[in-house]
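**Student:** Before I ask anything, let me first share the structure, which is written out below as C-alpha cells.
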C-alpha cells in the first residue's frame, strides 16, 4: 500500500509499504529516499510518536495515511505538553531552552499567545527567564499547560488531606465547570465532589460570582462518598420535590437546594419531619432522616412568627 510522510518543511514523501512493516523498516525507506539517518527520524501518527519495533498495523496505519516526520536534533530532546482538554503536544527542545522559548514553540504549534500560557511541572509554575535544566526537566518529561484567560483569576481548592490545588477560573464559571477542572487535575469524578465556601455547599448550576468567590479565594473539597441519597419534600399544595442529599447535609443546605429548585427563599421555609420542625444548624443524620424519607415544607409568611 502507499502511505505519505510529511516533513516539517511541508514536503510530502510517498512510500510503498506493507501493513506488517515495522517503523524501523519505514525509517530505512525514508533514509533510502531522503538520506536522513533513522536515528534522527521521529515519526508521528495521530499525535503519537511511533516506536521502532511496532508495525504499521499495530498503529492502525492504513493505505494513504499520512505520517509526520520530525527530525531529532543531536543533543536535543523531546518533551510533552498536556493541555486541560487532554491533548498532548510534542516539542523538540534543548535543556538550555528558556520557558519563554518553550512558550514560543507552543505558539508556533497551537497558536496560543505566550502571555496566555502557564506551564506547570512537578506542581510548580515555570518562570519565563529560567531554563528547562534549571527545573530538571529531562527528555520525555510532561509539562501541563493551563490557559491564563483574559480576565481570569486563580482560586485555591483545599482537600481534607490538606493538599491545595490551584485553578485558573473565570467569575462566570459554574461550579460544574470548576468540578470538571478538578477532575482534570486530580481525577476525582464531579459526582463525588462537594465544594464548600464560607460554610455553604456550592450548587452545580450556580457561578463563582453568584457566591462572591473572588481571586485567591479558597474553596474546600469534600468527597461525596457513594452513599448520597434521595429524599422527598412535600409542599402544602401536594407537590413533591426530589432532592439529592448526604446524611451530613445541614438543614440549611437542604433549604438552599429547595431554593435552587423552587425559588423559595430559605427564610420563608419551615421543614417538618416526624412532627418536629428542623433547625438550620443540625444535619439530616441528627434527625435520623434516611434515604427516601419525606419532609414536609411549610411556608413561613413574611411577618409571621
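Placement of Cβ uses the backbone N, Cα and C atoms for every residue, glycine included.
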**Student:** So one of 65, 217 should carry the feature phosphoserine according to Swiss-Prot; which one?
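**Tutor:** Record says 65.
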**Student:** Under 8 Å Cβ to Cβ from residue 68 (site 'Essential for function'), same chain, six or more residues apart: give me those in sequence order, or none if nothing qualifies.
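**Tutor:** Non-local contacts for residue 68 (site 'Essential for function'): 5, 6, 7, 8, 43, 44, 45.
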**Student:** How big is the gap, in Å, between the Cα of residue 11 (ubiquitin cross-link) and that of residue 33 (ubiquitin cross-link), rounded to a whole number?
**Tutor:** 12
**Student:** DSSP secondary structure for residue 29 (ubiquitin cross-link), reduced to helix/strand/coil, please.
**Tutor:** helix
**Student:** Using the alpha carbons only, what distance in Å do you get between residue 141 (phosphoserine) and residue 76 (ADP-ribosylglycine) once rounded?
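**Tutor:** Cα of residue 141 (phosphoserine) to Cα of residue 76 (ADP-ribosylglycine) measures 13 Å after rounding.
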**Student:** What does the structure give for the C-alpha distance between residue 54 (site 'Interacts with activating enzyme') and residue 27 (ubiquitin cross-link)? Integer Å is fine.
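**Tutor:** Pair distance, Cα basis, whole Å: 12 Å.
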